[in-house]
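Engineer: The structure under discussion is supplied below as structure tokens; questions concerning it will follow.
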């Protein structure tokens, strides 16, 4: 309550410069500023433990790593708050539909709800970093935007939470993700991101790639919403159809369209900025997210086509059946 009272007057009464920004740069920019201000107001509450953890990280870039761990801890706090909120209020809100779920789905319901907030929060920081980035650069070394550091802290915090959920609830998560193969894929994805992204930022390397990997978190919203609609038996609803139709262009626009630019930098970039170990790590790991995005994009498109065909087939069968009945009557 104390925290809310401190933050709410600032959000309700933005300074005159913010009002001017609303007029000149639009509501979108104002919303991003509100998100940034909200998280900035929370920073002092985790600053001390974040600095203590950051002191253990071996890097001379103390300012960057301190900021990273502040947002890392904020991310863990948000994940925990979302999880507790779901456990407390879901049954009262959803009611009988929640009771009809399998026990494993009821447990996954609460952990899956956590995936929604990073889709907005991480993107709110990563997107301005992409807009500000000098795309004409051919070097893998560049300045690191504070937005990138904060987005990375939030994303890695969420991945750490999600990794713990996968390992502690293995059976339920295997059912949710579609088997052990998908689980191993996500575990490798999370471990590589947790290990490599913060290190790369402290060295000012592969920042353009990391920015795009971060903003791609936005597509997780549609994936999580699809899971809830399936479990609530809403696959025939307009919401399910619209979510799928929105997911395809969003996924393509964020994760797939940028792939040629990433590979152009991969093949024509200046690799001399890496040490020998960094060179081979970058050579082997940078293409992985692009390959995964192409694989997932194919699955999304194939799933959408199958859904549309599956919907049209029963309709055709019903029409054929009604026609045959009318012929028999005649």
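Please read every residue number as a count from 1 along the shown chain.
Cβ atoms are placed via backbone N, Cα and C, with glycine included.
Source: prediction; values computed, not measured.
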Engineer: When TrEMBL marks a stretch as transmembrane segment, which of 25-51, 241-267 is it?
Structural biologist: 241-267
Engineer: Looking at the candidate ranges 151-170, 311-330, report the one that TrEMBL labels transmembrane segment.
Structural biologist: 151-170
Engineer: Check the transmembrane segment (151-170) against each of 68-90, 111-131, 279-297 and return whichever range has the most CB pairs under 8 Å.
Structural biologist: 68-90
Engineer: Short question: most Cβ pairs under 8 Å with the transmembrane segment (207-229), which of 68-90, 111-131, 182-201, 279-297?
Structural biologist: 111-131
Engineer: Do any residues of this chain, six or more beyond the ends of the transmembrane segment (182-201), have a C-beta under 8 angstroms from a C-beta of it, and if so which?
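Structural biologist: For the transmembrane segment (182-201), the nonlocal Cβ contacts are 57, 59, 64-65, 68, 144, 148-149, 152, 155-156, 159-160, 162-163, 166-167, 170, 173-174, 207, 210, 213, 281, 285, 288-289, 292.
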Engineer: Averaged over the domain 'TLC' (104-309), what pLDDT does the predicted model reach?
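Structural biologist: Here the mean pLDDT over the domain 'TLC' (104-309) amounts to 90.
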